[in-house]
C-alpha cells in the first residue's frame, strides 16, 4: 500500500479535477476501512526521506486533520478515535514523527512538529506518552542545527496545544531553559534563535513560577530584550511579540524593566522595519489595555489593597510616549483611506494613542494639543490628517469638562474641513473624528451641549453633503449621523432632528442606492444610520416613519424578484435583504405600539409574507434578520400573531434544526420566546414539536454551546405561556435542567470566557425554573414541582458559595428563590429556612446598590415570610 499512498497523495494535488477527486475518494475510503493502517501509512510517508516532498507535506497535513478539528463535536470524535487505537500503532506513529524532526526538508520538519503537538494535546492530559518531553530535550545541545530548530518549534507548538497544568514544573523548567538558551546571542544559527524566540512566545503561559522568581525572570527578560536588537528582522519581531505577551500576562512583574523597554520600543518605532515597529507599538497598547482593565475594575481611582496593582506605567511614560506616537501618525500610506483592511504604523500609533487617552484621561490633553494646533492648517495633507487623527483619538478617556472648550472651538473648523479640504484622507479622518465627538461628547448626560440651535442645521447640512462624497468619506459621514441621532435617544417628546427628519431619511436612502454603495461598507453604514435615526425619533415624526414602511417593503420585494444572479450578485443581494429586514425590525419596534399600532398593523400581512419568502433564499444573515423582525412583529401583534403560525411554524422548526449556522438557531430560540409571550396559551398546539426539537438541541454535541443557555430560558417562556399544561414536558425538561445545574454550579470558570459562559448557562437554567414556577402557580399540579425544591435550593446555595456570579445571575437567582416560595408556599417553608440562600444571599441582595436586585430581593423576602408563616 505504501507506493499506492504516495501516488494517491500526489494525485490528490493534481490540477486534473477527475484525478484529484478519485484520489481524495480513495484516501477517504482507506481511512474509513482501516484507520490504524491509514494513519501509520501517512506517518511512514512523512518520515521517509526518499519520498517526494509534496506527498510528505500532504501526508502530514492529512494526519494533523485526522487529530483535530475546529468544531468541538468533531474534535471530540477524532480524539476518541485516536485514543482507541492499539498501543503498538500509536508507538510506531510517534516514532515516525520524532524521526521526521531530523529530515533535511524544512517544510516536512515543520509539519511533523505540528503533528507531534496535536498528538501531545490528546495524550499528555491522559497521562500517555510521558517520555515525550524528556526525549525532545535529552540531547538538544548536541543536535545538528536543523534538528535543534525543529525540536524547539515542536516545544513551542506543544505549549500552544497543552494546558500548563498538564506539564510538571520540572519539565516546564527544562523547556524554558532549552528555549531561552536557544535564543541566546551565543547561539550561532539564526533559524535556531528564531525557532526558540517563537517557542518562548507560546511557552510564556507556562512560566508563572519562573516569573515569580527574581533571578529567572531577570534572565528571561534580559534574553528577550537582547533578542529585540538581533540583526535579523524576524527575530526582532518575534522578540517584541514576546514582550507584548509578557505585558498582558505578567504586567505586575514589569516595573523593574520599564525604562529599558521604553528605550528599545522607542528605537524600534523610530528606526526599525515596519513589522518590528508595529509590535513595539503593540507593547504599549497591551500595557494600556491592562491598566484600563485594572482601573475600570476598581472604579477609576485605584485602591492599593487590590489583587493586581496599577503601576501607572502609561502615565509615567507620557512625556516620551506621546511624542513617539504622534510621530507615527505622519507615516500614513498614500492609499490607506481606500483600503478597508489597511494596517500600518500610522494606524497602529493612532489606535495606541486612543488607548493611552483611555488609560490616563485628562493628563493626555496638554501633551497632544500643541501637535494638533501646529499641524491642523499646514499645506501638507499628511500633517493635517495626522493632527485630525490625533484629535479624534483622544476623545474617549478625558472628561467632558476637559474637552468641551477645545471641541467647541474645533467644531466649525472640522465642518469646514469636511466640506472643503482637497484631500480625501483628511476628509475621511475628519468625518470619523466628528463621529467620535458625537459618540462621546453629545447626549443627555452632557451638561453643556455641543450641538445647539445655532449649529445643528450646519452639522446636518455638512453630513448630508458629505454623503455624496467618495464612498469612504460618505461611510464615515453616515457613522457620524448615527451617533448624532443616538445622542437624542432620551430627548423627550420633541427632538432637534425633527425639522430635518425627512431630508435625513431621503438622503440616507439615496446613499443606499448609490452605484458604489457596496464599497467601503457604505450601504451597511447608511442603513445602520437610518435605523438609528428611526429608533431615536419621537412621536412628532411617526407619520414619516409610517410612510417609510411601504418604501422599505418594496425594496425587500425587489430583492426577492431577481432572476438568475452570479454568486457575487447573490451575495450582495442577501446582504441587502438582511439590511432591509433589520430596518423593518426597527420600524416594527417603533410603530408597533399605540398610537401608531393600528395604522402600522395594516402592513403586517404583507410584511410577514416577505419575511417568509426571505427564508427561501438560504442566506444565514438574511435568515437571522428576518427571524428577528418576525419576533418584533409577534410582540407587536400579540394574540393576533396566531394567524401566521400555520405557515411560519415550519420555518421556526427549520431554524431550531440549523446546527450548522448556530447563530440562526440561537435567534430562532429567542423568537420562540417572543411568540410565546405574544400568543400565551395559543402556542399550545405547536409545543410538542417545539419542545421535542429543543430537547434534541440540548442533547446534541454538534450544536454550539452558546445556544444552550437560551434554550433553557425558552423552557421558562413556554411554561409561562401554557401554565399547567407544561406538565407533559416537565419529566423530560426537569432532569435536563437538574444535570445542567449540577454541571454549572461547580464549573467555576478557568478563564474569563468560561466564567462568562457559566454565568450565561446558570442564568438560562434559572430563567427556566422561574418560568416553570410562575406558570404552575395556583394550579392543582404544583405538587409535581415539590420533589425538585431541595435540588433547586442546593443549586442556589452552591452558586452563591462559588462567589463568581455576575449581577444578571444574582437578580435571576434571587427571583427564583422568591418564585419557589411564592408557588410552593408552606410545602417548602422549612427547606427554605435551612438554605444559605434565604439568609446570607438574600441579605446581600437586599443591600445591593443595583435597585433591580434590591427590588427582586424585597419581593423574595415577602414571599419567604409568607411561606414560613403559613
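The backbone N, Cα and C atoms fix where each Cβ goes, glycine too.
The annotation N-acetylalanine is assigned in Swiss-Prot to 2 on the grounds of a large-scale study or a structure entry. As annotated by Swiss-Prot, repeat 'HEAT 1' applies to 4-33, with the evidence given as similarity to another entry. Sequence annotations record features per position, and here Swiss-Prot assigns domain 'Importin N-terminal' to 23-103. The annotation repeat 'HEAT 4' is assigned in Swiss-Prot to 132-161 on the grounds of similarity to another entry. According to Swiss-Prot, the repeat 'HEAT 5' annotation covers 172-204, on the basis of similarity to another entry. The repeat 'HEAT 6' annotation in Swiss-Prot covers 214-249. Per Swiss-Prot, repeat 'HEAT 7' is recorded for 255-304. As annotated by Swiss-Prot, repeat 'HEAT 8' applies to 313-361, with the evidence given as similarity to another entry. Swiss-Prot lists 365-395 with the feature repeat 'HEAT 9'. Here Swiss-Prot flags 456-492 as repeat 'HEAT 11', drawing on similarity to another entry. The repeat 'HEAT 13' annotation in Swiss-Prot covers 542-588. Taken from Swiss-Prot, the feature repeat 'HEAT 14' covers 596-637, and the record attributes it to similarity to another entry. Annotated repeat 'HEAT 15' per Swiss-Prot: 642-679, in sequence order, evidence recorded as similarity to another entry. Positions annotated as repeat 'HEAT 16' by Swiss-Prot: 684-722.
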Contact between the repeat 'HEAT 6' (214-249) and the repeat 'HEAT 7' (255-304) (3 or more Cβ pairs under 8 Å, separation 6+): yes
For the repeat 'HEAT 9' (365-395), distant same-chain residues with Cβ under 8 A (at least six beyond the ends): 318-319, 322-323, 326, 329-330, 332, 346, 350-351, 353-354, 357, 402-403, 406-407, 410, 413-414, 417, 421-423, 425-426, 429-430, 432-433, 436-437, 439-441
Within the repeat 'HEAT 7' (255-304), residues counted as helix, strand or coil by DSSP: 41 helix, 0 strand, 9 coil
Number of helical, extended and coil residues in the repeat 'HEAT 14' (596-637), per DSSP: 37 helix, 0 strand, 5 coil
